[in-house]
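Annotated features, as they stand in Swiss-Prot:
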type	residues	note
BINDING	64, 65, 66, 67, 68, 69, 70, 71	ATP binding site
BINDING	1704, 1809, 1812	Mg(2+) 2 binding site
DOMAIN	51-227	domain 'Helicase ATP-binding'
DOMAIN	630-722	domain 'Dicer dsRNA-binding fold'
REGION	409-433	region 'Disordered'
REGION	727-746	region 'Disordered'
REGION	1270-1289	region 'Disordered'
REGION	1782-1801	region 'Disordered'
């Protein structure tokens, strides 16, 4: 569409070409096709870029608009030519000179050059100062500085006196060069240049060549003159000539609106009134002192605004504006102090009300009456009606919009934007939001002159839309240029305005509004989409305004309509002619101008004649590129290359004329395209053809290298080339709902059974193996946890113990702890004898006893389980052993088994009757080690008690503790009608036998190993010391059980021992399997080797708040342990008195040293505590105190109040399980049993502190108070306990560590996989990244990252993990023997098992009791049913509850239930206790979506508890101990779609796991191999899983690689000691993949392109970089890497290397891994939650960008992108002001005070990118050495790592969810027009907060930050309850 001649249209026939009516169909030119792809010309580049090209090529005068990039061009030109000015001045080095007109402009230029380059800049502004300088002084200046910024006067002096000769200047920049036309120093300077033979390059900058009105002829004259004076060509920026030179011009129309007929006379009346009032104000003769405000000023302003609205828009609008102004005035009147001023304001107020009254006589203000608006308005509405979309289009267009295939495209959602910023009258409803069926077609701007016109016109259009269905589609808004300019000083008022304006613009960009009414400010510099309608409501008064507004109409079909009043139309047509002429002149000056008409006139060439098309196949409709379509293909290809939001990559085409008047073109593609060489086309007859032909040739090349697909479209990132990488698998078909790999999808898996326990039931006369279960009390329970003052019973004191009899050998596994009432007991499984046989009846006896243990002692039998040892999957015998016949060895205790068979009390209650004749006789020895059964109650399931003490001073006649009964005898008589025959017998103090069978973790610690708060320990001790609270029984009324108490105590440990054994064997099996598959480790362990003990890593992992680091003195302890852990302490050792005293003395000294210690500074404490503890925990301690002599220590330890002092200073969390315990008891905390896995298990951390890098040994010895020793592989001493020098490095990881990697946090065990998973996750990313980088040197970043994301996706990891059989081996739910443990020899009876199937409705109360389920927790020991409480306590069921303090009852079941994916109702009737003072709290509604810490709550696997719990954060007491309340999953909102079917599975043999948990497990195992065996092993492990991260080499190449290993094997493999062949071939074991051996990655060969003068270019490009190398302390061997790391994709001057994207991809993964590894190895042992937070605080773009700026990266950055230039500029300024970093905030903020308003400053992603790319460059340059990278980066990062570790920054999102877990809801993302994302967070009842950012994550955190700010601001008003 050529720009038609001016059409002056009368009102009648206004024909507009609107998109809807366009012949090209409704979608041609929809406004949101943001960048239309041009087909016949190359995509135009940014005008600043073109101007820079010109300036590099020849002397140039750049004519620009104000502020649009003069500095950009000047600074970049200086940088491009900087290689010429780095030389020594005295040896002919050159200098760059910047000339400015006045002194105050000097600083500005100086700072720009300093910010963006490392050049040294001298500034000379004052003539007075410099006049006196001598030549020498100047020479010094010139030597010191490379760029000289001077005022023109100084420069003139310097040149005239020849202090600096022109031959030493390489570039002369004239700012405001138009001054050279007049008499000005610039003119003089140019004269000097004229006479000089070699003149420097000249750059003139001017913004004011067009000021105000200007005659075209004059303008042309002026430009010519300037060109002559400056010896340059003038180039204008395209923003002065409308638009990109290429796109079609808008259709320009001038509309004559006709006169206004004032039928009602209202208009005239109002006009008169207003004129009179204004006249009056002007007449008021008030003396105004210059200092004072003019009292009439405001009034005049208001009335003249009102008059303007009346004239332009008519009475209806004048009425509206009067109403608005009255409201404004009220504010002024209220605040006005001065009488006179007030009077005028009141006058105005009255006057406006009068106007309103006048209008009301004529029309009702509520509805719009078109009689009362001006013809302009009517015309405008008419135009708008033309844009009404066709109805049918609604759907297509919305559809089309939402189906754009962009990966990052976020779907629209109904954004609930209430327009608070408009003055909407209450009755108006806010505008309807996107997506309305229409919004899509119109995208228009109406330009008006005054602010008020904009406001009222907007109101009018809204009103019209309500009344006229034709206009209903319009959704308008207004914007008045308040403080929109980028760099104006900001004040609060403006901030508010600014935010509003931003929001209006955002909506317009997002097409939520389709019409914008704007004042002229929007003409300039504001980023607005391409409009298809621009209306000038008021005519443009000068060229600039005309061009700017016209330039907004950029849609392919657009109208530029100027509304003129009849009287103005003549004069305006004149103006318009002038504007057109000026435009033409400027267009000729336009850089690279192409006469646009050529495009239109030139016929489409019949391509085949000129140049044959490129055809793929010969058939008819084969895809082809012709000479006419080629350019479009190239443009499309470039647009698809990876780039940042600021850079739109475009091809560059240069066309030159040959002497014979033919033309040839050279085409350069963007530098991140694999096709790097420039393409030269053949000579053609005209330039246009030359350009097309070269494009065609280029298409052919691109297709051949696989960059265009077979339809000749750009290949996406899912490229065919890399198929093999993606290993496209068919996802298995399952009926399971949910996306594979996500947490939402769960499946059931059988629980694994270790091979060695499968079918290993001994058979008669077949050889057997007998193992003894050794039990040694290694850490007795400390005093302050021993509330009952119970005696401790070390298991090693009695010889009778349990053994395991099997038919297969059991591999060696580490010793492990269980936690009994006596403390920590270390369990070992030792082979006693093998190869012997047993007869049938012996086996039968053993089998009967085995069943007896599980069914009667442990009461684990229930209807669902049947004892069938021959059919059971896991079958072996548990049997008692003892020292037989004086020999000192243990053997099977047959005698004991036979005795039990005979005993009467074996299963029931014996019926012995005592009478007066045969009274009961008390024998003390019978009761010393006895379990007794009361014979008078609970006959079906008698209670069993341990005898704790024999009270010889009490008899049945002693006084009964409670007043109801006189004596014990009376109590029994009254209550049970029992007579005693022996009244002298002593009484027994008894303890319940334990019903808590899960002894895997200590019950006084939560999973962090942090003491649970003890509710007022003092109170408890008192309670247990008074007789009232003891259970006292009479021997005569009890039967003695045949099993002695000592053995019973061991039997209680059996479920935990066997369960742990089972898990460790599964882990050991996995280790052996990996040894086979991956060749890492050995298949079967050496006979003399045992791994160090399983350890929870607690003793040293101190709670994250206190961070006491463990100093080296803790080594002592480990050495002691080494001795200890292999010796089973002989029983008698503990009884040697001598030792005892010595240890007591030792402790005395110790307590003394403690006191002195505490008087010193707390920091000292940090050091010595562990040393002293090490002393306590040494061997002697364990031996001697095993006997209960531990009071001493602890009392000494906590004497006095010195510890309280310590408590205020540093909150030390207990480092061991004994000292300082009651410090932490907070008064009213509930005391969970250890099964209560509060959510803190999310933080659990049991992993020992291991270093992952093999290279540098770090001090990572872990201390531990149990015998458990944690092997740290770098520490040689720690291997003492392994008799010969094996280490986990050669043998494979400790099964304990593997078990940790298999244990989910829901298992509530002492450890879980979370820390390892994080380490594995970052190593995985690193390994895959490095592999892809090295294997595909041609793939650009987009593709690499697509391949990476496919490989590391949870879905892929889940698949590999499943293939490897991990799900069965994982530990996913809490160990709860009565519910989900299958004892050996048992099978699940399918018919009866439904009680344990999840689907079954209620389990009845009886059933619960029968299974012993409610006897849960060891707390029942605390609240045994005291006989003398309430008569109704007979129902043993309530016993457990009655005695709880109220705060204990907060939860009973204390188990964290899984995500409620079975919608199983829970009847609270199980729990209805009759105790009136206890009430159940009704379950709160919990919306699981946002529970603290766990964003995906579904990770919890279902544990087996019938009462489900949720966290009630409102009761959160301390950092992360939560109170658990009941949560009834059948409520709505529980995070589960109600429709989800419940999964039914058997708890004993199956487990249900979310896919994502399996992926996590794979990562954790990787972390486990990495920490234990090193990086190479971890890579091999990945390969064996099926994730290729190493190249495969053929068998034959192996030898050759071996020789090379020493020199170039990358550093990760160096430590495999190349000298020993076996060490290097890690796969020395026969590998599963016989034919696969893995080699080492090779560094991609070329990093520089072959290029004739590559070396020279390289030196030019990196001149000055040596300073940077000094700064980072690393010197590059291959400088090309250095250049590449700093080259942005837009920097096309670099023709020799790639851009930084690939290196950034590599560096990103390297830094992530190095930082994660560093944090993981931190001796402070951060918990998983803290690790995650630290990692995200440190590995993010903001931090990287800030560091990059701090270390001057930006000064070396090479990019040609104006927007990026400005963002970096802003950011650098901001950093300088701030000089202080914030964590987590991805968008940094300007000022701290009043943060509500200040604008988030944008962090240039490119800065973070080069920070990463440099890391990648160092990695490649140093031969893949991670150490080298860390050596350079750690010093830079260290301050931040330290700062954050000491004070962990929380992500705003997490903080908000922790603050408002129930009420904060995040909306889905909404896309804004400019490609940003908006997220709204609603905090129910407290408001909605929006955040906008470049990604969902950034937006979400911005929203959360706003919400937090607001919540925190409002907090104090809440009264503290």
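Glycine is no exception: its Cβ is also placed from the backbone N, Cα and C atoms.
The structure, with features from Swiss-Prot marked on it.
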residue: 64; record: ATP binding site; DSSP (3 states): coil
residue: 69; record: ATP binding site; DSSP (3 states): coil
residue: 1704; record: Mg(2+) 2 binding site; DSSP (3 states): helix
residue: 1809; record: Mg(2+) 2 binding site; DSSP (3 states): helix
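Residues within less than 8 Å, Cβ to Cβ, of residue 1812 (Mg(2+) 2 binding site) and separated from it by at least 6 positions along the same chain comprise 1703, 1704, 1707, 1708, 1710, 1711, 1744.
Taking the centre of the Cβ atoms of 1704, 1809, 1812 as the Mg(2+) 2 site, the nearby residues of that chain (Cβ within 8 Å, site residues left out) are 1700, 1701, 1703, 1705, 1707, 1708, 1744, 1808, 1810, 1811, 1813, 1816. With the fewest other Cβ atoms inside 10 Å of its Cβ, the least crowded of the binding-site residues 1704, 1809 in this structure is 1704.
Taking the Cβ of residue 71 (ATP binding site) as reference, residues of its chain lying under 8 Å away and at least six apart in sequence are, in sequence order, 108, 109, 112. Sequence-distant neighbours of residue 70 (ATP binding site) (same chain, 6+ residues apart, CB-CB distance under 8 A): 62, 64, 175, 205, 207. Residue density at residue 69 (ATP binding site): 25 other Cβ atoms are found within 10 A of its Cβ, drawing on all protein chains shown. Taking the Cβ of residue 64 (ATP binding site) as centre and 10 Å as the limit, one finds 23 other Cβ atoms among all the protein chains shown. The distance from the Cα of residue 1809 (Mg(2+) 2 binding site) to the Cα of residue 69 (ATP binding site) comes to 24 Å.
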